[in-house]
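For reference, the structure discussed in these notes is given below.
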Amino acid sequence: MMQLKLEHYNIKIGQHKVLLNIVDAKELGVNPGDRVRIRGHQSLSAIVDTTDDMVPPGTLGVFTEVYEHFEDWDKPVEVVPSFRSKSAAVIKKMLDKKPVVQDEIKMLVSDIVDENLSDVELSAFITASYIHGMTDDEVEWLTRAMIDTGDTIEFDTHPIMDKHSIGGVPGNKISLLIVPIVAANGLLIPKTSSRAITGAGGTADLMEVLSPVEFSSQEVKEITEKVGGALVWGGATNIAPADDKLIKIEYPLSIDPYYQMLASIMAKKGAIGADNVVMDIPVGPGTKVPTVQEGQKLARDLINLGHRLGMNVECAITYGSSPIGRRVGPSLEVKEAMKVLESMEGPNSLIEKSAALAGILLEMGGAAPRDQGKELALETLRSGKALEKMKQIIEAQGGDPNIKSDDIQTGQYTADIFASTDGYVMEFDNKWIIEIARLAGAPNDKGAGVAIHKKRGEQVKKGDPILTIYAEKEIKLDNALATAQRTNPIIVEGMLLRRIPGTYGFQ
């Protein structure tokens, strides 16, 4: 045991970690990656790193996650070697493809949330599930543990409705229409959404154009019960916090383990008390689900997991080979969605998809008979009831309920991409559309993104603008434009694709 004084480094690193001078580490008999227990007015386990110059002997360097647990910073703390977390043994079992039990999964998720595992240990867990997969029981246990280790919302009124899109399609702004449509028909739909990680705008990024999106779980409940719906950022609610910690490791590895994805999606639905959930599964090249067959498997797995958790899940396999609507990027997409709410003016792909998925929820919730939900959704849009409900949601979340589509500002710097030939739009590259919008500044720069002037099958003439890039900063516009010119994300072909001459040519 050693008595050490504390020195705070005002940095959040996502885990309980401390710095020991190498002299003190040798005295304690610990190495980098080992654990120590810190005893002050409370006891805390932390992972060790060592240094020969950042902290002097007799001092324990602590980062913000540890700092927040202690109050008396003038008093020394006791530091003793600690045993490795039992979760490390569970992870090794998973790496060895050995079965685990529910209590082991619960302990593992608790250690993830409490930041008792190192990045190496988290990486091993992610790798194990990525390579070996998980059984149905293990996925259910993981989902339940993710729910139980975070905030939950318990509503007095049921049913609770929810919707989730698997993602991968640019411009998928449909939640901005679905939530007010469903809420306008007397159903509760507390939509917690993500911010974009690799996309040009998650639903939370979009809604932030209209109102604040960061609320506690209790505030989400109050907003939903007051106006029927909410569109908020899930990261502010502490719902399924284990998911955010796993994403931090998955992102640099560029992997998204299938069974962890299932648990992540369903944990967030379970935490808000959802009874009925519709899943949007876009399929096609460039999406997260390339084929209909893969979409059907994902649908079966989501429905099965929902059944195990007591949720009624329906899945919609949707067309994902080109953007939804004609705008990509927060302000551009919100402007497009608000125009639909205001006057039903907008791309058919946006209106049809939103009405179809909202219709499924209306049928699941008993607001519409079977096969009549879509028509009720369209009527809710046409009548202005969805717009009125959206205004109520915006106001309840602290925004201006009188905002109109024309009030929404887009990036001041623009550049066009022109068709290089007469012909028809044959193909979209979703990934490059998203990348161009991100290079322009989306989602952090709300006014950045792209406007798509011609969609698949539409005729163009040489010199017609087919894409406009919007940016708030000129240098970002230049970067996005250079990439668009290099990658050609919208393919235009003439009716004659290729001429192949005869073997002998003309005589």
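Glycine residues also receive a Cβ, built from the backbone N, Cα and C atoms like all the rest.
When Swiss-Prot records G168, S194, R195, A196, I197, T198, G199, T203, S264 as binding AMP, the matching candidate from K106, K288, K297 it lists for that site is K288. Largest CA to CA distance in the AMP binding set (G168, S194, R195, A196, I197, T198, G199, T203, S264, K288): 18 Å, whole number.
The number of other Cβ atoms within 10 Å of the Cβ belonging to D256 (active site, proton donor), over all protein chains shown, comes to 16.
In this structure, the CA atom of S264 (AMP binding site) is 11 Å away from the CA atom of D256 (active site, proton donor). Under the DSSP three-state reduction, S264 (AMP binding site) is assigned to helix. Spatially close to I197 (AMP binding site) yet at least six residues away along the chain are I247, Y251, judged by Cβ distances under 8 angstroms. Counted within 10 Å of its Cβ, the other Cβ atoms near G168 (AMP binding site) come to 21, all protein chains included.
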